[in-house]
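Okay, structure first, notes after.
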Amino acid sequence: MVRSYILLLFCVTCWGSNFVFGSILIHEFPPLLLSAIRLSATSLTLFIYVRLAKKLGNVVRRDFMLLIPLGIIGTLCNQAAFFTGLQTVDATTASLILSLAPITVAVLAAVFLKEALTKQMVAGSVTAIVGIFFVVGKSENMQLSIGLLFIFLAMLTFAISIIFMRKLTERIDPFTATVYSTLIGSGMVIPVAVIKEPLSQVSPHLWAWALLLGTAVIMQGVCTLIWNVQLTKVGAGKAAVFLNLQPFAAMLVGFLLLGTPITWVQAVGSLLIVGGVIVATVQRRNKADGLTKPLGKAQSLSKS
C-alpha cells in the first residue's frame, strides 16, 4: 500500500509540475501546435501500451455519441483554452483555478445527473470560491484578464468532460474510454493547429522539444497508466485526496525552477481552495469508487 501511495504522489507531483513546464513551453510553441504535438506523443505512448498489454476494450457505435463530444470539449477546447491562458497567467494561479474542477463537477452532476448537492458540498464550494477571489483579487497582476477567463474555461471544459466520462464508463471501462477519447481529441486538434498556426512558429531549440516530448510521454502517458493501475488498488476515494496536492506541487516547482515567489496571499488562498475542495468532495468521492482521472487535461488537464 505504501508503494501505491508513493506512486500516486509521484503522479500528482508530475501533474502539478506540468503547469510550470506548460508555462515555459508556451513561450516556445503556439498554443494549438503545442497541444497537437503533446497529444500526438501521448497517443503514441498509449497506443504502444495497448498493443503490448492488449487491454483495450470494445466500443460500439452508440459509444461514439459520447466519445466525439468528449474529444471536442475535453481535448480540443480544453487544451486550446489551457495553453492560451498560460500565456499570461502564472502556473500557480492556473493550478489553483483548475483545482475547482471537482466542485464544478458536483454542481454539473446535480443539474444534469440529478445527484444530490449536500450542505457539505455547498459549504466547501463557498470556501473554495472565497479562496479563488483571495488569490485572483489580491494579486497585483491578476485582474480579471482574458488569460484568467481562458483558464476558467479550461477548468469548465475539464469538468464537463468528467460528466461525459462518467456516463461513458457506465458502458465501457475507464481506460478504454480514456484511450479512445485521447485519440479522437488528437485527431481533432492536429488539423486545427496546422491550419490556424504555421509550423514555422515552432521552437528551433532542442531543449524545448525534449521538454515537450518528455512531459507528453511521462506526465500525460506514463503517469496516467500508473494512476489507473494504482486506482484499482487503493480506491478512488483515497486516490482523489492526492489530486488536491497539485497546486502545492505547482507552487513549489514554480519557485524552484522559475523563481516565482510564493506570497502569503497565495498560501492562504490555496489552503482555502484545497480545504474547500476536500470538504465539498471527500464524502462524494468515497462513494464514487471507480471514477478515474481523464487523461491529458490541464493536469493535465490537463490533467492540460
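Backbone N, Cα and C atoms are what each Cβ position is placed from, and that goes for glycine too.
Because TrEMBL annotations are produced automatically, they should be read as predictions rather than curated entries.
Features of the protein shown, as given by TrEMBL:
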- 4-136: domain 'EamA' (DOMAIN)
- 146-280: domain 'EamA' (DOMAIN)
- 32-52: transmembrane segment (TRANSMEM)
- 64-82: transmembrane segment (TRANSMEM)
- 94-113: transmembrane segment (TRANSMEM)
- 120-137: transmembrane segment (TRANSMEM)
- 143-165: transmembrane segment (TRANSMEM)
- 177-195: transmembrane segment (TRANSMEM)
- 207-227: transmembrane segment (TRANSMEM)
- 239-258: transmembrane segment (TRANSMEM)
- 264-282: transmembrane segment (TRANSMEM)
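Of the Cβ pairs linking the transmembrane segment (177-195) with the transmembrane segment (120-137) and spaced 6 or more residues apart, fewer than 3 are under 8 Å, so the two regions do not touch. Of the Cβ pairs linking the transmembrane segment (207-227) with the transmembrane segment (32-52) and spaced 6 or more residues apart, 3 or more are under 8 Å, so the two regions touch. In terms of DSSP secondary structure, the domain 'EamA' (4-136) contains 108 helix, 0 strand, 25 coil.
In the predicted structure, the domain 'EamA' (146-280) carries a mean pLDDT of 85.
By the Cβ criterion (distance under 8 Å, sequence gap of 6 or more), the transmembrane segment (143-165) is not counted as touching the transmembrane segment (264-282), fewer than 3 such pairs being found. Long-range contacts of the transmembrane segment (264-282) within the same chain, counting only residues at least 6 positions beyond its ends with a Cβ under 8 Å from a Cβ of the stretch, are 92-93, 96, 99-100, 102-103, 106, 120-132, 134-135, 138-139, 237, 240-241, 244-245, 247-248, 251. Sequence-distant neighbours of the transmembrane segment (120-137) (same chain, 6+ residues past either end, Cβ-Cβ under 8 Å): 93, 96-97, 99-100, 103, 106-107, 144, 148, 265-266, 268-281, 283-284. Counting residues 6+ beyond its ends, the transmembrane segment (239-258) has Cβ neighbours under 8 Å at 5, 8-9, 11-13, 15-17, 19-20, 23-24, 90-92, 94-96, 98-99, 102, 227, 230-231, 266, 270, 273-274, 277-278, 281-282, 285, 291, 293, 299 in the same chain. Across the range of the domain 'EamA' (146-280), the DSSP-based residue counts are 116 helix, 0 strand, 19 coil.
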